[in-house]
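Chemist: The structure's right below; bear with me while I get my questions together.
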């Protein structure tokens, strides 16, 4: 009898559309692999969510949610209470990785290079007392580059100055690192490869990630062998330091001398053309095989 797998998708974060794509693609790949698949669009009604899982009682939950409440430990905590094995990282690793200041502390503890940064309220940023330009302003707990702004000497209109800016009073202010964008998928405790991301946008923002033609993925990244190896080593170390499991994706900047860890994504995109599945395929692992591995290694912290 095939395992019953419920795929969590959608949600109510700013990354809902991305999650719907990930869930649909993962669900289809799991069906191809022989699993009995149920797709569950997760909403704010927690009681309805618990009831749906209680009724179907899957053997494994495939978490294809992105953004707040899906990859920040909230859903993971509910699944732990219900004693349902689920894919990807547990609640603590998810919560730490999603909160940028907490993740930076972990990286620094393990001697993983990070850009100079500070947590500041928006008023101090607007008063130009937080950090000298150029710098990057990031919401503390959003993914997919949502709300990210690069502030240079030429920047006048600051979106986080508006009263309707929805991402909180405090922000992460980080020194802007010029250079190349690299990303490394980690599967278990092994790096899948290194990809260079090339875009005509100022940086790898939401549109560059998801709009047609917004970016190009170069696999493997055309960097020196020692840079390639170090990117993989730092990404595996970050995965382990945070306590991640399943797959994760580390994003780095390379300025020609130093690799800087930007963040680790515990719920990377899961379409067959997303970065981690793309790297897995280059390493000889098909998309159905990748999602199968995630299901077969699923855990919970009950």
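Glycine is no exception: its Cβ is also placed from the backbone N, Cα and C atoms.
Got these off Swiss-Prot a minute ago, pasting:
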DOMAIN    104-296  domain 'ATP-grasp'
BINDING   130-183  ATP binding site
BINDING   251, 263  Mg(2+) 1 binding site
BINDING   263, 265  Mg(2+) 2 binding site
Chemist: Per DSSP, to which secondary structure element type does residue 172 (ATP binding site) belong, with helix, strand and coil as the options?
Modeler: strand
Chemist: Are there binding-site residues among 130, 137, 179, 251 that sit within 10 Å of residue 265 (Mg(2+) 2 binding site), Cα to Cα? If so, list them; otherwise say none.
Modeler: 251
Chemist: Where does residue 179 (ATP binding site) sit in DSSP terms: helix, strand, or coil?
Modeler: coil
Chemist: By a simple count, how many Cβ atoms lie within 10 Å of the Cβ of residue 251 (Mg(2+) 1 binding site), its own Cβ left out?
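Modeler: Step by step: centre on the Cβ of residue 251 (Mg(2+) 1 binding site), count other Cβ atoms within 10 Å, giving 20.
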Chemist: What are the non-local neighbours of residue 151 (ATP binding site), defined as same-chain residues 6+ apart in sequence with CB under 8 A from its CB?
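Modeler: Set apart from residue 151 (ATP binding site) by at least 6 residues yet with Cβ under 8 Å, we have 133, 134, 135, 136, 137, 158, 176.
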Chemist: So what sits near residue 179 (ATP binding site) in its own chain, CB-to-CB under 8 Å and at least six residues off in sequence?
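Modeler: Long-range Cβ contacts: 253, 254, 255, 256.
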Chemist: Validating a neighbour-count step here. Other CB atoms within 10 A of the CB of residue 263 (Mg(2+) 1 binding site): how many?
Modeler: 20
